[in-house]
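Single-structure report; data block below.
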There are 4 protein chains.
Amino acid sequence: MKIGVLTSGGDAPGMNAAIRAAVRQADSLGHEAWGIYRGYQGLLDGDMEPLPSRACANILQRGGTMLRTARCKAFHDPDVRAKAAEKLKAAGIEALVVIGGDGSFRAAETLLREHGVACAGIPGTIDNDLPGTDRTLGFDTALNTAVEAIDRIRDTASSHGRLFLVEVMGRASGMLAVHTAIACGAEAVLYPESPDDSYEALVTQLEENWKRGKRSSIVVVAEGDAVGGRAMAVGERLKRDHELDLRVVVLGHVQRGGSPSALDRIWGSRWGSEAVRRLDRGERGFYLGEVAGALVAQPLSRILEPQPVPPGDLGRLVAVLAR
Amino acid sequence: MKIGVLTSGGDAPGMNAAIRAAVRQADSLGHEAWGIYRGYQGLLDGDMEPLPSRACANILQRGGTMLRTARCKAFHDPDVRAKAAEKLKAAGIEALVVIGGDGSFRAAETLLREHGVACAGIPGTIDNDLPGTDRTLGFDTALNTAVEAIDRIRDTASSHGRLFLVEVMGRASGMLAVHTAIACGAEAVLYPESPDDSYEALVTQLEENWKRGKRSSIVVVAEGDAVGGRAMAVGERLKRDHELDLRVVVLGHVQRGGSPSALDRIWGSRWGSEAVRRLDRGERGFYLGEVAGALVAQPLSRILEPQPVPPGDLGRLVAVLAR
Amino acid sequence: MKIGVLTSGGDAPGMNAAIRAAVRQADSLGHEAWGIYRGYQGLLDGDMEPLPSRACANILQRGGTMLRTARCKAFHDPDVRAKAAEKLKAAGIEALVVIGGDGSFRAAETLLREHGVACAGIPGTIDNDLPGTDRTLGFDTALNTAVEAIDRIRDTASSHGRLFLVEVMGRASGMLAVHTAIACGAEAVLYPESPDDSYEALVTQLEENWKRGKRSSIVVVAEGDAVGGRAMAVGERLKRDHELDLRVVVLGHVQRGGSPSALDRIWGSRWGSEAVRRLDRGERGFYLGEVAGALVAQPLSRILEPQPVPPGDLGRLVAVLAR
Amino acid sequence: MKIGVLTSGGDAPGMNAAIRAAVRQADSLGHEAWGIYRGYQGLLDGDMEPLPSRACANILQRGGTMLRTARCKAFHDPDVRAKAAEKLKAAGIEALVVIGGDGSFRAAETLLREHGVACAGIPGTIDNDLPGTDRTLGFDTALNTAVEAIDRIRDTASSHGRLFLVEVMGRASGMLAVHTAIACGAEAVLYPESPDDSYEALVTQLEENWKRGKRSSIVVVAEGDAVGGRAMAVGERLKRDHELDLRVVVLGHVQRGGSPSALDRIWGSRWGSEAVRRLDRGERGFYLGEVAGALVAQPLSRILEPQPVPPGDLGRLVAVLAR
């Protein structure tokens, strides 16, 4: 069997681990892996070639994706998807391993439903915002990168007795922001799902810290925060209302790359291997995840459900630990 | 209530996160936290003092333990333990938070059983070898440190087309070795619990890699490996039998320190906070852990059970991915 | 002799190394070191205390400054400086070690000239923009931090075939930008002192790279760049004129903190020790530096001279290496 | 002109920067760069091919050498060297860029003297032990790697109040050991060129530290240390004579790899470019270096002179700063 592998959407550390594992597992089971470049766009362009095991040497430790990636809006058009299915048939590729986020999985779901292409999804996004899995590739690396960056900012905050607002990624999810806040010992965190994510609560918290003798503070702001506005806006308002000597840092794309953490390499390896083993056994439409510590598979259609709101426990812990 | 906090046994990254969280959670619930220095030895010596929330500033990101640690063989003597219990009573300390490994928990278990001291255990050891928890503080950091070190060694291995044996820590457990091997893309791994952990299997694997065109190889060896012997011994044998140009690296104590990873900081924070909340609710003898992704508590006596053998799945994956 | 030590202006990695070395060198020569907190502001507030050698344990590896720092505009007022000199006299402090940038050195120069306070300057700023020294504390660390961040961004740039503009610090100097550009393999660099630092030259360079098959590019932009405008402005213009799919990242304060590099620790240690040895020998107004690899001292008044423009050689090398 | 590029001897971070710069500078001057694999051994085997600029993409940030390397004892034989010269002539390669240490440069010197092959040397060795240059590629990276590793060990040393002996590389030179000792704040350093590098001086130093209240100590030991013996031997003796609770860590090959530091990338880039520019101008036998901060060229024959002993100043500073 020929198995195509592609990465789609935003790149995430650990994608290369999944590619390597899928290719080598395919090899060990007697299948032929094909690399499809630049996601669904490359599939449409026929930008693909056989990917032998040795071509995946020395990629495990690299960020980004050796197959490159792209967003492909054209894929919303059913005619375009039909063309993609034909390309696969012409190349003799019977199954796809799709590494990406919710948009990439929805495209895979339509390929399966409309054209019977067997598809295995591997969650690859630093946002950790997919239903049916507690973890996505890249989240642990992005978390550690954000924490390391804020450790550096903490040096300056402490030296100057100054307030910093630090904006982290995460799209509409506060997962990255809340985990970052706990791990860097932030004094407060603003995130979309928070019930008390308000400007007033933040001001109260900062005033209490000041009374406790804290002269410097780090506030983590999720890029998707709706109530307070993004970090720049919150900073402007605090400066205006309270004449605070504060600085705003937007971590931005620094969080997206870098050598993957051990966890992201391990889960990328496990998922890449498992995806191919299930395709080999004849399974046709699923994506992998981790639930309660175990490697699980969900039907591809599960991606159409909304991601449940993360529990606010961790968010509340931030205030307790910031004393 | 006065709550004593101590760290005992080998130090592990994340211990400071747990200390900080326990102290600040105690503070927020109206209790008084006391720091006991150098583990049970310091308890015997009366080396303790109140630990206010502000004393825990800027420790979250530090490796090691601000309370210092020690191994205390004298504690095996019941008379010595009686003296320790008296010290606690004299200081008015009613409960202990003990951060350490199995030996530290066993000592806590006897303090509870013999003298009624309320004890909360927090698993702190890089070896991840405790029953009743899937994770211990420091494991994730040590894993990332080992992987980063082997990434460096890989540069030289590839440049010279050379074989490296790298010994990692883990005492009698292969957890650290197997996870490291997957995450660094090792060509083989030797660990105590492996059914086929034999010198012959290793030689066969290396020969197959050579035939596939791999000119360099990394073999991860658990320090507790029994069959093959430790890395130096395995290396000597391979040199003698096969005249291989190989190098041996013993990572040693480099794996033990360093700024804790995000995960170790988060679990240290969660466990430190939870330990105090449970003591506050009147619980008296338990240790915390993570099982299937959830924060759980086990009775302290559970520490007397043996740690189950880790599943061999991950170990077997190494060979598949080394193609 | 009592010797005061203070850090002033923006914090820089390596300041702690200089503090530690000054304190311990003073101790070994029989002098008493005093720590003055929050720079000249703390001096005015009398915020100072004796600093024994043991108080400097475990700070060598920390970013920021254990003495904290501040900018003190009031110091431009001669009456305020007179008050500061009185504070020193009252405390019996006969000499100052001032760790900071040009503003901090100018303040020291007036203290010496107007009030006869012996002052030793140690260059501490990540901008490397002082006359009379090829190196300042923190430059090497900030350079490595910027390079590491851009290595991460490169992963995403390569994966998406995308252009990134990355703004680095440096105030009016292009030193940090040019060195960063060479070290991260940037396709182009915009910096204030460049003769051909123009928007048009950049566009030409990007077009040539595209013709050579380069699909992703990194352009480093100095924050002090005057011709092209700062990164956001350059990005907006490129998007408007050429409809490029580009991203802008402003590294910001992430560059300022972090554990100092080996070089910054070594020069901080050497300068801290040398400053005190020269004060001990009776020297009264100088600042230290590195010129042509050697540790040198300049008269404090040298700080009033302008910093010579850095040679453009390195800047020109960027284009050659970006092929 | 066809210009061959090879790396020889032990690999060092920054070699790839030099390769990339040489290739792209050649390209920009209209020459054709050829990559010769596995050093002089590959030259003998005819293992070489044209190396276009695009083949050097994404190598700047990688440790090791993309051209691989080897030690080639056969090259001591004049007949073998004659064969190598013929290979070059047959391939039309008129000049060589040799990146390596003293052995590699001596081989180049004979190729020039005996067969008139134009040779440009670029110093690539982590040991920083060449005459005629203050710096070699890889030294700064290895230094930072060693310091980072010892920072981790310091966490455990402080937590346990324990003595660690840490052996670093450097062959017969103490450069790496002394710089590491200053940068990690070691309590003592043993290195070959030290006048007072004796076991007795170390014992005295450790006793003084103990009296000052230091409970933990780090001693850096150069692998080439002659008087005291290597770290294991020193450790055994200290244990036997003084019953100290100490640990020995041999950093080993971890120091050799890893992504190069900014400085190593910059000097690799400058030297690679300069080597080709000089060959282009007709220069025929030189190697590059840094002296007093400036890029300089030495005649190849200079390699036959001994490396001067490094000044002991830095070594003496260790004791002052360890108070």
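Backbone N, Cα and C define each Cβ position, glycine as well.
Annotations in TrEMBL come from automatic prediction, not curation.
Site annotation for ATP in TrEMBL covers D:Arg71, D:Cys72, D:Gly101, D:Asp102, D:Gly103, D:Ser104, and the matching candidate from D:Gly4, D:Gly10, D:Gly170 is D:Gly10. Record check: TrEMBL places D:Thr125, D:Ile126, D:Asp127, D:Met169, D:Gly170, D:Arg171, D:Glu223, D:Arg247, D:His253, D:Val254, D:Gln255, D:Arg256 at the substrate site, and the matching candidate among D:Arg135, D:Arg162 is D:Arg162. What TrEMBL records for the ADP site is D:Arg20, D:Ala21, D:Ala22, D:Val23, D:Arg24, D:Gly185, D:Ala186, D:Glu187, D:Lys211, D:Lys214, D:Arg215, D:Ser216, and among D:Arg152, D:Arg154, D:Arg240 the residue it adds there is D:Arg154. D:Cys72 (ATP binding site) falls outside any helix or strand according to DSSP and counts as coil. D:Asp102 (ATP binding site) falls within a helix when secondary structure is assigned with DSSP. Candidate binding-site residues: D:Arg71, D:Asp102, D:Glu187, D:Arg247. Nearest to D:Asp127 (active site, proton acceptor) by Cα distance: D:Asp102. Rounded to a whole number, the distance between the Cα atoms of D:Glu187 (ADP binding site) and D:Thr125 (substrate binding site) is 27 Å. Contact annotation for chain C: of the listed binding-site residues (D:Arg20, D:Arg24, D:Ser216), D:Arg20, D:Arg24 place their CB atoms under 8 A from a CB atom of that chain.
Of D:Ala22, D:Arg24, D:Lys214, D:Ser216, all annotated as binding-site residues, the residue with the shortest Cα distance to D:Asp102 (ATP binding site) is D:Ala22. Counted over every protein chain shown, other Cβ atoms within 10 Å are most numerous around D:Ala22 among the binding-site residues D:Ala22, D:Cys72, D:Met169, D:Val254. A mean pLDDT of 94 is what the model gives for the domain 'Phosphofructokinase' (D:2-277). In this structure, D:Glu187 (ADP binding site) belongs to neither helix nor strand by DSSP; it is coil. Cα to Cα, D:Gly185 (ADP binding site) and D:Cys72 (ATP binding site) are separated by 39 Å. Closeness to chain B is evaluated for the recorded positions D:Asp127, D:Arg171, D:Arg247, D:Val254, D:Arg256 by Cβ distance, with values under 8 Å counted; counted residues in sequence order are D:Arg247, D:Val254, D:Arg256. Fewest Cβ neighbours within 10 Å among the binding-site residues D:Gly10, D:Gly101, D:Gly103, D:Gly185: that distinction goes to D:Gly103.
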